[in-house]
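K.L.:
Encoded as structure tokens, here's the structure I'll be asking about.
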Amino acid sequence: MDPSLLRERELFKKRALSTPAVEKRSVSSEASSSKKKKAKLEHGGSSGSKQNSDHSNGSFNLKALSGSSGYKFGVLAKIVNYMKTRHQRGDTHPLTLEEILDETQHLDIGLKQKQWLMSEALVNNPKIEVVDGKYAFKPKYNLKDKKALLRLLDQHDQRGLGGILLEDIEEGLPNSQKAVKALGDQILFVNRPDKKKILFFNDKSCQFSVDEEFQKLWRSVTVDSMDEEKIEEYLKRQGISSMQDSGPKKVAPIQRRKKPASQKKRRFKTHNEHLAGVLKDYSDIAPGK
């Protein structure tokens, strides 16, 4: 045989040995793997169907989480919201814990949750106050009627405290919408940039006409980027003193000076006391030349 053909044959064998071979799976292994996959799918489907049936039957609810902290705080939030709504309806009398749980449909909670509500949750909640062992809603402003609302707005205006949020009034005044509508032009509404409404007392004694040119000048001045110190410095440069300089000044208490302690005369020990009548002092006589 030609030696060149033999060399080519040897090279072909080496290349064949170096290249990886891909073998086909046997039919039995493929069948077993497909059976395993089907079994897993059937098991997952059965568990999912069980969960779906539980949801459809209504067995999965908050009561299943009765031992968790989320359930406790959910009950607390529901109680506070209920006490708020009944206060806004005009039912301001306090209730016992059993009455609250009955009206909120939570009589089936455990003893630990009841103890937690009585000893910690309701007592320390800023929106709940305890009155003779009973619980009532505690609004920011406890208002009885429209007259109380008008007095509160007038007090805020006189003290320079500004207005009051409408949501705070709705929280503390029963049937607040009727009361606000009945006051009419005695109050003013101002909308904040965050779309919250603020109520102000409409002091009719302060109503006067202002020149339009002055209004334009007033609105053209922007002080958003300036703080109180910068505004005060600018006013001082213009020769304008702030209101706090013209107000009553506090009198500083007079500090009494402490008297210096009297110095005791120092006593010197004298020597040669037995020669007091014999010795003479010659310091006044000038020395002779």
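Placement of Cβ uses the backbone N, Cα and C atoms for every residue, glycine included.
So Swiss-Prot lists the following for this protein:
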DNA_BIND  64-144  DNA-binding region
COMPBIAS  255-269  compositional bias 'Basic residues'
MOD_RES   Ser59  phosphoserine
MOD_RES   Lys72  N6-acetyllysine
REGION    17-61  region 'Disordered'
REGION    242-274  region 'Disordered'
K.L.:
Sorted by position, what residues of the same chain at least six away from Lys72 (N6-acetyllysine) have a C-beta under 8 A from it?
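P.N.:
Expected: Gln113, Trp116, Ala121.
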K.L.:
Provide the three-state DSSP residue tally for the DNA-binding region (64-144): helix first, then strand, then coil.
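P.N.:
Computed counts for the DNA-binding region (64-144) are 44 helix, 9 strand, 28 coil.
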K.L.:
Let me know the model's mean pLDDT on the DNA-binding region (64-144).
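P.N.:
Reported value for the DNA-binding region (64-144) is a mean pLDDT of 85.
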